[in-house]
Amino acid sequence: MKQNTIRRFISLAMLFVLVILFSATSDYFLQAKNIISIFRDASVIGIVGIGVTYVIITGGIELSTGSALALVGMVMANIYRYTTLPIWLMLAAGIVVGLAAGWFNGFIITRFCLPEFIATLSTLSIYRALTYVIAIKENGIITSQPMKDYRFTVFGGSVGGVYYVTIAFFVLAVIGQVILKKTRFGTNLYAVGSNKKAAELSGIHTDRTRMAAFVIVGFCVAVGSIFTTSRLQSTTAVLGTGLEFNVIAAVVVGGCALDGGRGDVIGTVIGALFMSVLDNGIYKYQINTAYQPIIKGAIIILVVVFDAWYNKRMEQASKNRKRLCEEVTAS
């Protein structure tokens, strides 16, 4: 059985265990209203996670997503408050800012050969600082900016009980999975993550591929920001704080290897649902929120340790098969 398939089964098993645990101890958990909320809360994590999946498959990491999401929201808030531009131009500006943030990450990483961790850790601070700089202030105090135009808040609504953000999440997930599995670009992403040197020798423009992955993250962040701010009908300078951790946790739980070359969007969908169910259960049980990062951090450690153990086991099994074949041939 392929390692990707095994990891997906494990991710699904982890999700089912959580669902069974919470549903067995709470009559409210499996009510339709709560399930809809779980999918809604998973959607922004999942939308951003689709882009981050691409980056992690190439062997990179993206830590600036939460700050970039806040920056996109604040740019739209300024346009909403200080201009008379139509809503569609405000949304377009938000998309452009997201794309620019992703492009800048990719540019400094590929142009100056910076490690992704250092580069995106730096832009995490830069984008958050820019958000505070352009934040709307009243008497010198940063305030939340209401954005109540119905043409904008409609994105935070629902149809037939299903939130638009959830619909967008699954549509983007299908598109993202098709791109990964059915296009040359998707093949290039896996090739870069599996062996960058070999990918270069085979004619793949590795820097361009990595740059494109970061730009896709920027687009996903912008979409996530639009849905988040429209549902809240406002934005603040602290919007998206901690999002990067939830997204990376979802992608890793979904089966992406942090060293690259493995994973897909289906796994990220499962991981996003896992994180949403976990948060929902913690909230419903009124567990101290200080324990949330401890639990999530422990989960990431366990998943990474399992991957390392499993990879080592598969490598040893491969060596044993090779040695057995050599012995059979020699005899």
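Just so it is clear, glycine is given a Cβ too, placed from its N, Cα and C backbone atoms.
Feature annotation from TrEMBL assigns transmembrane segment to 6-30 (among others).
Taken from TrEMBL, the feature transmembrane segment covers 42-65 (among others).
Remote same-chain partners of the transmembrane segment (85-105), defined as residues 6 or more beyond its termini with a Cβ less than 8 Å from a stretch Cβ, comprise 51, 62, 64, 68, 71-73, 75-76, 79, 119-120, 123, 127, 149, 151-152, 211, 214-223, 225-226. Here TrEMBL flags 85-105 (among others) as transmembrane segment.
Residues annotated as transmembrane segment in TrEMBL: 117-135 (among others). Same-chain residues lying 6+ beyond the ends of the transmembrane segment (117-135) with a Cβ under 8 Å from its Cβ atoms: 61-64, 66-68, 70-71, 74-75, 78, 101, 104-105, 108-109, 142, 236-237, 239, 244.
Marked as transmembrane segment by TrEMBL: 155-180 (among others). Taking Cβ pairs closer than 8 Å, the transmembrane segment (155-180) reaches residues 32, 36, 39-40, 42-44, 46-47, 50, 53-54, 57, 186, 189-190, 220, 223, 226-227, 230-233, 264-266, 268-269, 272 in its own chain, all 6 or more past its ends.
Summarising the annotation, TrEMBL assigns transmembrane segment to 211-230 (among others). Panel annotation: around the transmembrane segment (211-230), residues 43-44, 47-52, 54-55, 57-58, 60, 62, 65, 68-70, 72-73, 76-77, 91, 94-95, 97-103, 105-107, 109-110, 147, 152-156, 164-165, 168, 172, 185, 189, 239-240 of the same chain, lying at least six beyond its termini, place a Cβ under 8 Å from a Cβ of the stretch.
Per TrEMBL, the feature transmembrane segment maps to 236-258 (among others).
The annotation transmembrane segment is assigned in TrEMBL to 289-310 (among others). Counting only same-chain residues 6+ beyond the ends of the transmembrane segment (289-310), those with a CB under 8 A from a CB of the stretch are 3, 6-7, 10, 242, 245-246, 248-249, 252-253, 257-258, 275, 278-279, 282.
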